[in-house]
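Novice: Structure provided below as structure tokens; questions to follow.
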Amino acid sequence: MKLSSAKISKESKGTSPSHGGHHKNSFHWKRQSHHSILPLQPVDQLEKWSSVAVDMYNNSSSSNNNNNHHHQPQTSHTSTSRSSDYSAGGDGEPSAAGNKWASRLLRECARAIYDKDSSKIHHLLWMLNELASPYGDCDQKLASYFLQALFCKATESGQRCFKTLTLVAEKSHCFDSARKLILKFQEVSPWTTFGHVAANGAILEALDGEPKLHIIDISNTLCTQWPTLLEALATRNDDTPHLKLTVVVTANIVRSVMKEISQRMEKFARLMGVPFEFNVISGLNHLGQLTKEALGVVEDEAVAVNCMGALRRVPVEGRAAVIGMFRSLGPKVVTVVEEEADFSSTRYDFVKCFEECLRFYTVYFEMLEESFTPTSNEKLMLERECSRGIVRVLACDDDQDNEGE
């Protein structure tokens, strides 16, 4: 995760930094029905491919079982995968390439799709379908969720699948479940929490002593960042400033719960004794549609722009215009928190984009394994949230908007 903050003057020249880039009921293929998904019969070389895959999987499982001194079933909920397990050298340092069976098969399949090798695509999809499980270890989960995206890419059905997954997620999301999930994730993971704390510190320092504050929040974190900032403003030594919070929403799933969030934020501000105004800007398909006029910035306000995972959803060629719009607001500080994954600049090279996506989600899935108990419902929900993002990155056309992300 990268975090940066910058104080910007009207005279300063803008640059275009490079920033990188999770649902219930995501579909996956069960063993008893995989022939309906992949109706083609295995061809001559399938036994060879399948044998190699099963050998790799069994070797991985037996190695971990020996270390644990007991036998783990293939579909165990307990993870047998860790990033440190697949170091390439003898010095114990992890290798970027790795040697786990899921990574190997997925990379081979991505390369086959790129090369349009239909026979090999069929072989590898069939094997992944046999070995994958959303309830198994980390390798099985990676195989399950990436299999869905690779199948969509191979059949050019990514956009249709993404829209279906988004509709299912929208129907199943409510404020209470979304808030519980986000707070639980922040409790066990430092990723988002550290970004919130560091960004709030930079904002409070830059706006210290200002009587009117206007924070423009561009994120999909359901305003979980702002209660601690309200508490800090309420305990300032000088007069409590007036705070206007403008939240920019581009995702339908977040948009659907903003009314509840607005009511709760206003109630909490009254409890803290902070004069407060809450505005929501929605109806945008992407951040490039945001304008200075829509934000309603006035002359006597000290402005802060807060970007949490926002710029990664902006195409590389469009980031200069977005940064230019930020500069036109005359902000005293801009805070940027981004995950270290660049899914934008690699979109036109499928293999490179796949490698970046696999690297990022491997680390993410392993973090969930370390942070949650094996039978955690929250972990399963977070893992299934990833499926939509993986499909969007790998199987959707670049000219499609990110609505529902």
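Just so you know, glycine gets a Cβ as well, placed from its N, Cα and C.
A TrEMBL annotation is a machine prediction, not a hand-curated record.
I grabbed these lines from TrEMBL:
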- 20-33: compositional bias 'Basic residues' (COMPBIAS)
- 58-84: compositional bias 'Low complexity' (COMPBIAS)
- 1-33: region 'Disordered' (REGION)
- 57-98: region 'Disordered' (REGION)
- 182-247: region 'VHIID' (REGION)
- 395-405: region 'SAW' (REGION)
- 213-217: motif 'VHIID' (MOTIF)
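Can you walk me through where each of these features ends up in the structure?
Specialist: On the 0 to 100 pLDDT scale, the model's mean across the region 'VHIID' (182-247) is 89.
Among residues of the same chain six or more beyond the motif 'VHIID' (213-217), those with a C-beta under 8 A of the stretch's C-beta atoms are 203, 207, 223, 225-226, 229, 233, 241-248, 295, 297-298, 301-306, 308, 329, 331.
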Novice: Take the motif 'VHIID' (213-217) and count its residues per DSSP category (helix H/G/I, strand E/B, coil), listing them in that order.
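Specialist: Secondary-structure breakdown of the motif 'VHIID' (213-217): 0 helix, 5 strand, 0 coil.
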